[in-house]
């Protein structure tokens, strides 16, 4: 193994998806996995296969599709979890099972109610059983940040002896300071020697996740567990884009250490994850925030114009931010120019059907918008890719909401080869839209979350709506996306998109149920 190579383990599809409101359906997870592969991620933690039939389906389908990245499923130190993980990743070109058990005194006493010897016995069993499915097993000492080093060494000896190749040390509650975590990693890395790769997984409860990750790398960790945009439970995880660019930019500190991440794909990956989850990075977010390469101060602007490095320590192009587009699109632009633009923006694997549908929407948009920005095009392509599976397709929407009148929505939806029209009143315009769609489709949705943002600037900016809708008590809420200059039209599209996601998932699970054991 190259001791200077930092393995990048992305857990956006597992830990990142556990962020409130960030759930993804299988098709969305596949889109993200394909982009992560393009980004050059070494290991993709595709989910927790035993958590639900939907999770199993997502992990197994990603395992079938991805060829260059190792596909991993999380599993508790429980036989059935490990079995489901093994079955889910069995078709992967490169596969891994990531199993874990808590090792901190507080977790062992209050959560597990187990002694240290019992924890070690369970850990050995988990690794040995996982090895019957895959050769590559990772073991995590949950809450390592609050665990005792002598006991962690005992656990490490046991699981390495059982066949674990990677030992992960999670700061599960984001408690450690960089100096403390660095010292812990240094001691345990030296203890492991060449027997196993030391990994870290840092949470951001004190805002130190990336700092802790970098401290670990400087002290011997050779795998970092990260997420796109820093998504994750509570305050999130170490952000892939931050850790990777810090290692690349600060060669004076990290020396010969490197990752094989294709950094010009960082921005496209960030935008895809933000679009799918509906969770936008804060404007001043490092690397991928809207203001990351913006300079408003006159002094700063003057400096950058004279010499870029006066106020920019990395080039926007290094992470895929295109600041000066050379190809301007308008209503007279043809299909060839549109294709060139989307390739320039990094969408080189768009299907012909997705391209054609996006181009038709582009022409409609160009008739209503003076200037088409790169972000407009990016959103059109992403939206089309996410909404291609259309059981129901919105054809038309007309709303009436007079100041003293009753909000009414008239909706036309295409189902198979039939156009169905109906209208309903509601407590507000949105309520009227949702009630009409429910009447047409026969499904009653419960709105769990609703977000709307302006994609670009100006009065004619595109509105991006993200909804989370529940259609039955046994399934999670499904995410839908809508894009339009008209916010209510985008809302209707997003609601129908959530329904289509629900129906698509339901159809796939009924076909794959025989694979669940």
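Note that Cβ sites are derived from N, Cα and C of the backbone, with glycine treated the same way.
These figures come from a predicted structure and were not determined experimentally.
If you look up Swiss-Prot, you'll see 6-267 marked as domain 'Pyruvate carboxyltransferase', on the strength of sequence analysis.
For 15, 201, 203, 237, the entry in Swiss-Prot reads Mn(2+) binding site. Counting only residues at least six positions away in the same chain, the Cβ atoms of 11, 15, 16, 201, 202, 203, 204, 209, 225, 226, 227, 230, 231 sit under 8 Å from the Cβ of residue 237 (Mn(2+) binding site).
Taken from Swiss-Prot, the feature region 'Regulatory domain' covers 393-517. Per-residue pLDDT, averaged across the region 'Regulatory domain' (393-517), gives 88.
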Original post:
If you count other Cβ atoms within 10 Å of each one's Cβ, which of the binding-site residues 201, 203 has the most?
Top reply: 201
Original post:
Under the DSSP assignment, what numbers of helix, strand and coil residues are found in the region 'Regulatory domain' (393-517)?
Top reply: 42 helix, 48 strand, 35 coil
Original post:
Other than 15, 201, 203, 237, which residues of the chain come within 8 Å of the Mn(2+) site, judged by Cβ distance to the Cβ centroid of those residues?
Top reply: 11, 170, 172, 202, 204, 209, 225, 226, 227, 232, 233, 236, 238
**OP:** Provide the number of Cβ atoms within 10 Å of the Cβ of residue 15 (Mn(2+) binding site), excluding the reference atom itself.
**Re:** 23
